[in-house]
Ligand code: COA
């Protein structure tokens, strides 16, 4: 019995925040942002939309495309760094409530931008052990709620969105999740951090005045570690599975920065046509980034059943992960 990615869905809020809008907000330019990151615009959720609302829209699509009834779902996991509520209830529980899927295990995981691939490895274990049959995974972010729109080092990078997938069982290895590597190195935690409103610096007027509730990043350092770690990790997973880069049908990296993607792609000699790129239109949507990218390629008709996808991702923690996944959907 293997775990299989049976369907994909995504949702992007309608409001667009372009580089030109940002030019009016901070000292930056469309040219600078595009040259350094490849981002042209990102989506921003409305004041009425919470992370769970984005997740629900993505989940509905994934459930419909899997051809299952929502009552067949027996586990819901949500990866997010911008949950509806800081502690409880979890965003997975809020989503379960909104979808009216009751009496199933539901919880959030915290692995920043690596969240989707991290929970994919958990889903693989739950399915292969026989503990669960149909798992709903949601990567959802209203990351705009964590951004200081006076900080040009971060506000240009991130956007809102959600992606979802149904993971089920298959006996066919040609439709299976083949392997996942997920790892972390906590020594780099301070380079990408939301310091405030947790137990270390509880929410207070001082915390808010010092803007500790927003994402802080040492971009240059993050960039260097990301390129090195991702390249090594992708080479490692291909070698361990005896798969040559030429056998991969779709390289689907975390959409943080075009230059990071390009560095890994060039090192592995992946053709650009096999690389899925959404960074220009969505920016970095953290845990939603990979499922949104898979969904875009799926809706363009690029991904077919049995195609081999190579996923790779990197995020705060630091966390990173890569996966070899044969698409199991229709
Ligand atoms: N517009 C214009 N200038 C900017 C700017 C902006 N939005 N942000 C920074 N700058 C300036 C800096 O102040 C600096 O100016 P100085 O030389 O006068 O001091 C100069 O540009 C270079 O800054 P630096 O931070 O070295 O730029 P960079 O080439 O590293 O690009 C990032 C900055 C953030 C785009 C890049 O480091 C990056 O993408 N890092 C990875 C971040 C990431 O992906 N995080 C999420 C991981 S999941």
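Think of each number as a place in line: the chain as shown, counted from 1.
Any Cβ shown, glycine's included, is placed from N, Cα and C.
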Which listed span TrEMBL calls region 'ACP-binding', if the choices are 255-259, 260-264, 265-269, 270-274: 255-259
Outside the region 'ACP-binding' (255-259), six or more residues from its ends: residues with CB under 8 Å to it: 36-39, 113, 157, 223, 226, 277-280, 282-285, 289-290, 292-293, 314
Cα-Cα distance linking residue 254 (active site) and residue 113 (active site), given in Å to the nearest integer: 8
Assigned element (helix, strand, coil) containing residue 113 (active site), judged by DSSP: helix
In three-state DSSP terms, the structure that residue 284 (active site) belongs to: strand
